[in-house]
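A.B. asks: One structure, pasted below without further comment.
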Amino acid sequence: MQPQVISVNVGRPMHQRVPKDKATGIGKVPVDVVTVTDPGRKRVEDGHGVSGVEGDFIGNGRHHGGSDQAVYAFAREELDRWGAELGRDLAPGLFGENLTTRGLDVDAAEIGDTWRVGGAVLQVCGPRVPCATFAARMEERGWVKRFAQRGRSGAYLRVLEPGDIRPGDTITVEPSGSGLDVPTTLRALMGDPDAARLVLATGLFEGTTEATTMRRVVRTKG
């Protein structure tokens, strides 16, 4: 079976007590179709962030949204593994993903891979780093640490060509050959100095806040 999108999801503003009782869009719900575009640089507009998915609310514009976090994809298979471990049914969008996929190992993706899906072309650009908002959403003890240790975060993608994506759309992957996978990048950002040195050596994150974080990891832990 060719890899496909089985659900497209957008966030509506909702309030969580943690952190800081502010509106968040992490609680995403399935819709019939999403339109994806390049939202430009990460920024705050009208008190919230900018998403690459039309109609998708982002509460924290300092840390989420922008071109390099335009679209978030997570595998249905990985949701099912977590569901079995937690003893819960995990609905599409619960992890905050815009695209729920099937038949594609999202966490085997390499930085720079392109995905042709629906009418859009997307490019893998990094992992999802778990945060306090995600932990509050899940209400599971030690969630940030557990999710990070699993090392299968799903992937953020930028939008190279805008278009519409619907459930049932197939995904065609064009490998980049970068040799740098998403889990290694996650380990680097979560404090592994060996992974940080490896990622920095590729030059793929040069000039980004991620590179600054990884250099700090090497300096303080390496």
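In case you wondered, yes, glycine gets a Cβ from its N, Cα and C as well.
These figures come from a predicted structure and were not determined experimentally.
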A.B. asks: Suppose you had to name the range TrEMBL annotates as region 'Disordered'; which of 41-60, 161-180 would you pick?
C.D. replies: 41-60
A.B. asks: For the region 'Disordered' entry in TrEMBL, name the matching range from 1-20, 21-40.
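C.D. replies: Feature region 'Disordered' in TrEMBL: residues 1-20.
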A.B. asks: Which residues of the same chain, at least 6 past either end of the region 'Disordered' (1-20), have a Cβ under 8 Å from a Cβ in it?
C.D. replies: 26-34, 48, 51, 53-59, 76, 92-93, 96-104, 117-118, 132-133, 135-137, 165-173
A.B. asks: Give me the DSSP three-state residue breakdown of the region 'Disordered' (1-20), ordered helix, strand, coil.
C.D. replies: 0 helix, 10 strand, 10 coil
A.B. asks: Which residue counts does DSSP yield for the region 'Disordered' (41-60) in the helix, strand and coil classes, in that order?
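C.D. replies: Grouping H, G, I as helix and E, B as strand yields 0 helix, 3 strand, 17 coil.
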